[in-house]
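A.B. asks: According to Swiss-Prot, the record shows the following:
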- G11, P12, V13, G14, A15, G16, K17, H18: GTP binding site (BINDING)
Amino acid sequence: MTDTIKIGVGGPVGAGKHELIEKIVKRLAKDMSIGVITNDIYTKEDEKILVNSGVLPEDRIIGVETGGCPHTAIREDASMNFAAIDELKERNDDIELIFIESGGDNLAATFSPELVDFSIYIIDVAQGEKIPRKGGQGMIKSDFFVINKTDLAPYVGASLERMAEDTKVFRGNRPFTFTNLKTDEGLDEVIEWIEQYVFLKGLA
């Protein structure tokens with residue numbers, strides 16, 4: 001069975017987790033074997049959306065219903081996600097990369113290091129310029145940080161320059177990028193990080 005790298009994608013509701021995964025998969029699926037696990041509180045809506053998008057065959061997507069605490073399912077008790085990983089591997093024994101999308105949660109949510117090898121945390125500009133200054137653990141500890149919906153900055157009075165400065169304060173040299181996933185702006189930086197950092201380091 002192929003070694004499988006697992007990347008967790010977390011962030012608040014509506015930040016763009018699902019869209020980011022869909023865009024990445026669309027770019028990478030032709031060159032590698034990929035699966036996706038979605039976490040929703042009471043439904044499997046994200047699983048249905050991803051299946052309907054056609055970016056992956058249905059047998060490469062599994063939806064997990066987490067119940068009331070989505071962060072518990074990716075950290076304190078990740079048993080449902082571990083089971084989903086095993087099921088994806090049984091269905092596709094060549095699988096190289098699995099994305100695990102967390103349910104929408106607060107800035108403190110982080111993935112268990114036993115569940116994922118790397119993590120991406122995404123917020124959006126519409127949540128306010130101050131969000132990076134709050135320094136939540138999801139933003140601080142993630143391997144890659146994404147600030148999405150840059151096109152909304154003028155409408156919410158947010159300075160991207162200030163957000164970048166604040167991000168550098170709490171992340172230091174850890175990578176981050178701005179994106180507008182509607183136009184794919186910034187997507188290349190995320191793909192480059194996966195191809196050059198995740199796979200080189202994860203398979204070392």
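Just so you know, glycine gets a Cβ as well, placed from its N, Cα and C.
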A.B. asks: For the binding-site residues K17, H18, which one has the sparsest Cβ surroundings, going by other Cβ atoms within 10 Å?
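C.D. replies: Least crowded of the binding-site residues K17, H18, by Cβ count within 10 Å, is H18.
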A.B. asks: Would you find the one among the binding-site residues G11, P12, G14, G16 whose Cβ has the most company, meaning other Cβ atoms within 10 Å?
C.D. replies: G11
A.B. asks: Would you mind ranking the binding-site residues V13, A15 by how many other Cβ atoms sit within 10 Å of each Cβ and giving me the lowest?
C.D. replies: V13
A.B. asks: DSSP on K17 (GTP binding site), three-state: which is it?
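C.D. replies: DSSP assigns K17 (GTP binding site) to helix.
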A.B. asks: Quick one: which residues besides G11, P12, V13, G14, A15, G16, K17, H18 have a Cβ within 8 Å of the GTP site's Cβ centroid, in sequence order?
C.D. replies: G104, I122, I123, D124, N148
A.B. asks: In the three-state scheme derived from DSSP, which category covers G11 (GTP binding site)?
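C.D. replies: For G11 (GTP binding site) - judged by DSSP and reduced to three states - the answer is coil.
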